[in-house]
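Asker: Quick one: this structure, given as structure tokens, is what I'll be asking you about.
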Amino acid sequence: MSIFTSFLLLCVVTVVYAETLTEGVQNSCPVVTCSSPGLNGFPGKDGRDGAKGEKGEPGQGLRGLQGPPGKVGPTGPPGNPGLKGAVGPKGDRGDRAEFDTSEIDSEIAALRSELRALRNWVLFSLSEKVGKKYFVSSVKKMSLDRVKALCSEFQGSVATPRNAEENSAIQKVAKDIAYLGITDVRVEGSFEDLTGNRVRYTNWNDGEPNNTGDGEDCVVILGNGKWNDVPCSDSFLAICEFSD
């Protein structure tokens, strides 16, 4: 049997088998026939997206423009305190505050009056007065430097007689050997008061001043009112004078 004869038989069998199937089934598929291939159909619908692939490498093109700023995020926590800044420039001077001092001034004046009265009472009871001067004695013995400091502390000065009357008052107050505010520290033999003025009244004891040992630069008053020169470091009573 030739190839062509076999092909014809196959076609006949196919047709008979197809008719048999169409008798029992309505609306069935068309019978397969031996014919040339038909035209391609339309493309089918897109399939489902596949799984996400791995991130690719950056492209080789130019970088695009920066996009617009995003929304403002939430406020962050407070930061640590910063370093202390430099001191600013000095400000303008402010206006003077108004304050009524009349009451305070009145109280100060009253206090001064009471202190003056108390001072006068002390001076009258414990001192000798000559003119406008009061002479007050200390019960302690000390060097001339300490006598000066003591009298200055009470706004007075070391007693310095300017005449016989003042010398007599100092003698009565002292009742013992006491320093006078007279020295020849600057020039030996030239006696001055503690302000640098040369003294004009003197009442030296016999043979005085003698500067025994080349170190007697200060002056004391004795119990009889006479004067001696002595070393300034020796300790004697302090007599202070105050002006009324």
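Cβ from N, Cα, C; glycine included.
As the structure is a computational prediction, the values presented were derived from the model and not from experiment.
Feature list, courtesy of Swiss-Prot:
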- 1-18: signal peptide (SIGNAL)
- 38-96: domain 'Collagen-like' (DOMAIN)
- 40-101: region 'Disordered' (REGION)
- 65-74: compositional bias 'Low complexity' (COMPBIAS)
- N210: N-linked glycosylation site (CARBOHYD)
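Any idea what these are sitting next to in the structure?
Answerer: Taking H, G and I as helix, E and B as strand and the rest as coil, DSSP gives the domain 'Collagen-like' (38-96) the counts 0 helix, 0 strand, 59 coil.
Counting residues 6+ beyond its ends, the compositional bias 'Low complexity' (65-74) has no Cβ neighbours under 8 Å in the same chain.
Neighbour list (N210 (N-linked glycosylation site), Cβ cut-off 8 Å, at least 6 residues apart, same chain): E216, D229.
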Asker: Under DSSP, is N210 (N-linked glycosylation site) part of a helix or a strand, or is it coil?
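Answerer: Going by the DSSP assignment, N210 (N-linked glycosylation site) belongs to neither helix nor strand, so it counts as coil.
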